[in-house]
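Per TrEMBL, the features are as follows:
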- R23, R45, D186, L187, N188, R192, S193, N204, V205: ATP binding site (BINDING)
Amino acid sequence: MTDADGDVDIPESHPRYESLLTRHRIEAGVEAGITSRQGLVAQGRGEAFDYLLGERTLPSADAAERAAAAHLLLADHPVLSVNGNVAALVPGEVVDLAEATGSDIEVNLFNRTDERMERIADHLREHGAGEVKGLTADGTIPGLDHERAKVDADGIGDADVVLVPLEDGDRAEALGELGKVEIVIDLNPMSRSARAADVPIVDNVVRAVPAITDHARDLADADRGRLESVLAAFDADEALSVAERAIREGGDDENGT
Ligand code: PTJ
């Protein structure tokens with residue numbers, strides 16, 4: 001049995017409780033017409049990487065989450081992009097992050113249909129979102145085919161910092177070329193999306209989004225200088241190398257211990 005959020009009756013003592021809960025949420029998202037069927041495949045890919053990383057947040061991913069919070073707080077117009085997987089897994093958490101950072105929320109789909117756009121926007125509103133952008137679609141990302149290029153001109157089109165969780169490689173590269181600061185959440189440190197990002201967060205979106213919110217709340221009163229020093233301390237290439245190494249070495253931490 002699942003509830004409206006796809007939560008199921010899995011005993012919390014189960015060793016893979018979180019992973020099974022996440023899987024069921026994606027399944028419920030597909031049943032509710034929020035998540036695409038391709039989203040199931042993407043989730044499976046993510047799960048495999050999460051398993052190899054030890055299903056935990058590496059210290060380097062936590063540093064990326066803090067840098068992401070600093071970028072969102074420094075931005076003139078930050079936007080959180082939401083696709084079908086993100087809407088199924090972390091709808092309320094995205095709303096919390098938008099509130100903590102003053103970001104807009106925009107639905108932006110790889111497999112765009114009007115019906116799924118509406119359903120996701122409704123689902124986000126049910127989880128407390130105010131305005132949800134993405135439905136106007138009066139802007140475009142150059143270099144992509146018609147449907148995948150659609151954005152709101154006063155949303156992602158106007159943003160200086162964009163959070164794109166679980167983005168496909170083409171779009172991550174095209175968004176990066178627009179000169180926006182791009183924060184990507186992707187469990188695969190070798191993906192083109194992670195490599196195109198200014199801030200690649202190699203962590204599960206279910207851990208990453210609340211962690212960025214926690215950092216944003218912690219940094220809420222920080223001045224510009226302190227936020228810029230958080231950015232200066234973060235090295236994207238190093239974070240990707242550390243995650244790759246952790247996968248090769250079986251989920252051990254950065255020191256290889
Ligand atoms: O809802 P739509 O139409 O916008 O489609 C969304 C998907 C995710 C289907 C679409 O963007 C897609 O096909 O993505 P890809 O190319 O499969 O890439 C998804 C990436 O996200 C892969 O590198 C996965 O490892 C990673 N990933 C999957 N689940 C998670 C994840 N990363 C973090 N947290 C997860 N839970």
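A Cβ is built for glycine as well, from the same backbone N, Cα and C atoms used for every other residue.
Sequence-distant neighbours of N188 (ATP binding site) (same chain, 6+ residues apart, CB-CB distance under 8 A): R45, G46, F49, A194, V202. Among the residues the record lists as binding ATP, namely R23, R45, D186, L187, N188, R192, S193, N204, V205, the two farthest apart have Cα atoms separated by 24 Å. Close to V205 (ATP binding site) in the fold, though at least 6 residues off in sequence, lie N85, V86, L89, V90, P165, L166, I185, each with a CB less than 8 Å from its CB. In sequence order, Q43, E47 are the residues of the chain that are 6 or more apart from R23 (ATP binding site) and have a CB within less than 8 Å of its CB.
A simple way to gauge crowding: the CB of S193 (ATP binding site) has 24 other CB atoms within 10 angstroms, across all the protein chains here. The Cβ neighbour count for D186 (ATP binding site), using a 10 Å radius over every protein chain in view, is 31. V205 (ATP binding site) carries a helical DSSP state (H, G or I).
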